[in-house]
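Pulled from Swiss-Prot:
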SIGNAL    1-18  signal peptide
DOMAIN    31-272  domain 'Peptidase S1'
DISULFID  Cys59-Cys75  disulfide bond
ACT_SITE  His74  active site, charge relay system
ACT_SITE  Asp121  active site, charge relay system
CARBOHYD  Asn132  N-linked glycosylation site
DISULFID  Cys155-Cys230  disulfide bond
DISULFID  Cys188-Cys211  disulfide bond
DISULFID  Cys220-Cys248  disulfide bond
ACT_SITE  Ser224  active site, charge relay system
CARBOHYD  Asn233  N-linked glycosylation site
Amino acid sequence: MLNLLLLALPVLASRAYAAPAPGQALQRVGIVGGQEAPRSKWPWQVSLRVHGPYWMHFCGGSLIHPQWVLTAAHCVGPDVKDLAALRVQLREQHLYYQDQLLPVSRIIVHPQFYTAQIGADIALLELEEPVNVSSHVHTVTLPPASETFPPGMPCWVTGWGDVDNDERLPPPFPLKQVKVPIMENHICDAKYHLGAYTGDDVRIVRDDMLCAGNTRRDSCQGDSGGPLVCKVNGTWLQAGVVSWGEGCAQPNRPGIYTRVTYYLDWIHHYVPKKP
C-alpha cells in the first residue's frame, strides 16, 4: 500500500522551500489570495531559518509553549540534523528586517513520519531558553481532542511562502494571511482522486489530515509548518499544520494540513500542558 501510494502521487508536493542558488536568495522567500497580516495579529507565528549565505527562511511554525515550536516533520527531518544550522525567529512583520534569531536545543520528529503524503507530518522544536511572552509574542492554544472543526468553518492560515504557483513573495517579505474554509475529508479525498492514478480504494487524505482552501485561497510553498487556526468560542485554536498539496489553489486540490487533535497525546508527551 505504501509503495502504491508513493508511485501514484508523483506531483504532490510538501510546502517547504529547497535551498536557493546563490543570487536567488532573497527571491526565494506568501499565501495565495491573501493580504498582509496586521501587526497585532498571529503573535504565535514563527519563521524557521537555515544557515547559508544568510539565515534563510524555509518553513513556518507556531509557538505552542514559551519553549516549544510546532512545525511540519518534512521541514526538519530527516534532512536537518545540525542544530547549529537551525534558528527560530519569533513573530516578525517583514522577514530579515529585525531578526533576533533563537537557537534550538532539540528537534523531535514524529517516529512514524516518512513523507508528508503518508502522514505523521509533525515535529517539535525545543528552544534553548523559554521566550518572554508579551502582547506581540505569545502562544497559540491547542484544541481539545473533541474539537472537530466542521466543514465550512472559516479558518486562517499565515506565512511567508509563495503568493502563487512559482511566484515568490516580493520584498519587503510581509507576513501574509488568508481565510480558508474547512473541507470534509471524504470530499477532499474524492477531489484528489480526480485525474490521479490512485485507485478509489486507496485513501489519499487520511484521518490525521485536514483539508482547507479553494481555487482562490490556499497556502503555498514556503508556508510549510505554519499554523492553520480557527476561532472557537472566542479563542484561536490551532487546527492544523501546513503540510502538502498539489500546486497552490488549484482546482480539486485543497491544501492539506496535519490534524493537530490527532497528535495531542504525542505533543503532550514532550510539551507541558501549561507553561
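Cβ from N, Cα, C; glycine included.
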Original post:
Listing them in sequence order, which of the recorded positions Cys59, His74, Cys75, Cys230, Asn233 have their Cα within 10 Å of that of Ser224 (active site, charge relay system)?
Top reply: Cys59, His74, Cys75
**OP:** Round to a whole number and give the Cα-to-Cα distance in Å for the pair Cys155 (disulfide bond) and Asp121 (active site, charge relay system).
**Re:** 20
Original post:
How many Å separate the Cα atoms of Cys211 (disulfide bond) and Cys248 (disulfide bond)?
Top reply: 13
Original post:
By CA distance, which of the recorded positions (Asp121, Asn132, Cys188, Asn233, Cys248) lies nearest to Cys75 (disulfide bond)?
Top reply: Asp121
Original post:
In terms of DSSP three-state secondary structure, what is the assignment for His74 (active site, charge relay system)?
Top reply: helix
Original post:
C-alpha of Asp121 (active site, charge relay system) to C-alpha of His74 (active site, charge relay system): distance in Å?
Top reply: 6
**OP:** State which of the following disulfide-bonded residues has the fewest other Cβ atoms within 10 Å around its Cβ: Cys75, Cys155.
**Re:** Cys155
**OP:** Under 8 Å Cβ to Cβ from Cys188 (disulfide bond), same chain, six or more residues apart: give me those in sequence order, or none if nothing qualifies.
**Re:** Val205, Cys211, Pro254, Ile256
Subject >> Rounded distance in angstrom between the Cα atoms of Cys230 (disulfide bond) and Cys59 (disulfide bond) >> reply: 21
Subject >> Position of peak Cβ density within 10 Å, selected from the recorded positions Asn132, Ser224, Asn233 >> reply: Ser224
**OP:** Using DSSP reduced to three states, classify Cys59 (disulfide bond) as helix, strand or coil.
**Re:** strand
Subject >> Three-class DSSP secondary structure - Asn233 (N-linked glycosylation site) >> reply: coil
Original post:
Given His74 (active site, charge relay system) and Cys59 (disulfide bond), what distance in Å do their CA atoms have, once rounded to a whole number?
Top reply: 10
